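As recorded in TrEMBL:
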BINDING   Gly119, Leu144, Gly145, Asp146, Tyr147, Val148, Leu149  S-adenosyl-L-methionine binding site
DOMAIN    1-241  domain 'tRNA methyltransferase TRMD/TRM10-type'
Amino acid sequence: MRIDVITIFPEYLAPLELSLIGKARKDGLIDVHLHNLRDYTHDRHRTVDDTPVGGGAGMVMKPEPWAEAFANVLASGKGESDDGSASPLVIFPNPAGEPFTQRAAEQRAEEPWLIFACGRYEGIDERVYEYLADQGVRVALSSLGDYVLNGGEVAVLAMTEAIVRLVPGVVGNPESIVEESHTSGLLEYPLYTKPARWTSPDGVQRDVPEVLLSGHHARIQKWRRERSLERTAERRPDLLEGRE
Ligand SMILES: CN1CCC[C@H](Cn2ccc3ccc(-c4n[nH]c(N)c4C#N)cc32)C1
């Protein structure tokens with residue numbers, strides 16, 4: 001998988017060199033390229049924004065630098081993708097976008113080439129989306145959640161982690177991405193490790209649930225499913241709507 005990120009803050013994406021994603025890059029499972037949108041400006045101040053037409057607060061990102069950046073990234077990616085024919089999915093993190101869910105992460109993990117476009121200020125001139133679509137580029141607007149961030153970079157970090165961990169070979173034990181929250185459609189069951197009895201700093205002796213020490217896998221599996229259903233009903237009843 002190739003991932004390109006266009007941003008005015010490439011340093012925000014430094015965490016993509018760390019941990020699981022960093023190792024996937026070293027192992028050649030993914031190829032990440034960062035692009036500074038300001039490199040596609042031609043004025044002394046490297047201007048990427050201007051006032052909103054029609055009035056309103058804040059600034060809007062100008063279309064010209066984005067068009068130049070996409071022309072460059074699309075050309076460089078086509079040249080480098082394995083069969084040269086991969087067509088990218090361009091993802092704009094956007095609070096007005098479709099919710100980014102585990103299902104969306106699974107779908108994006110199938111893509112050979114993703115381009116993330118990080119907006120800032122009040123957002124990007126609408127004509128950029130229209131222009132890309134008219135060029136036949138697949139475009140998706142995805143929202144990380146129902147709250148307002150200051151730009152797309154934090155969303156790209158989260159989306160990239162959720163997507164890349166599903167790429168075959170990235171996570172050592174594929175089993176560990178099967179039972180987790182949201183993959184099964186339910187919230188994850190409570191987790192415990194050793195010691196079986198922990199005396200917490202307040203002096204309370206806290207035991208691991210007996211069933212987990214029984215070695216009886218069917219009972220353990222039943223207990224875990226019951227706890228998942230219980231906490232999903234309590235914290236996220238919306239996930240249970242429409243289930244059998
Ligand atoms: C006051 N205005 C309101 C509109 C957004 C402006 C900041 N901004 C500019 C580009 C941009 C991209 C994503 C997000 C964002 N916010 N929340 C999420 N779940 C996002 C996602 N994905 C936010 C962004 C600030």
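Each residue, glycine too, has its Cβ placed from N, Cα and C.
TrEMBL: automatically predicted annotations, no manual curation.
Among the binding-site residues Gly119, Leu144, Asp146, Val148, Leu149, residues whose Cβ is positioned under 6 Å from ligand 1 are identified as Gly119, Leu144, Val148, Leu149. Each of the binding-site residues Leu144, Leu149 was scored by how many other Cβ atoms lie within 10 Å of its Cβ, and the smallest score goes to Leu149.
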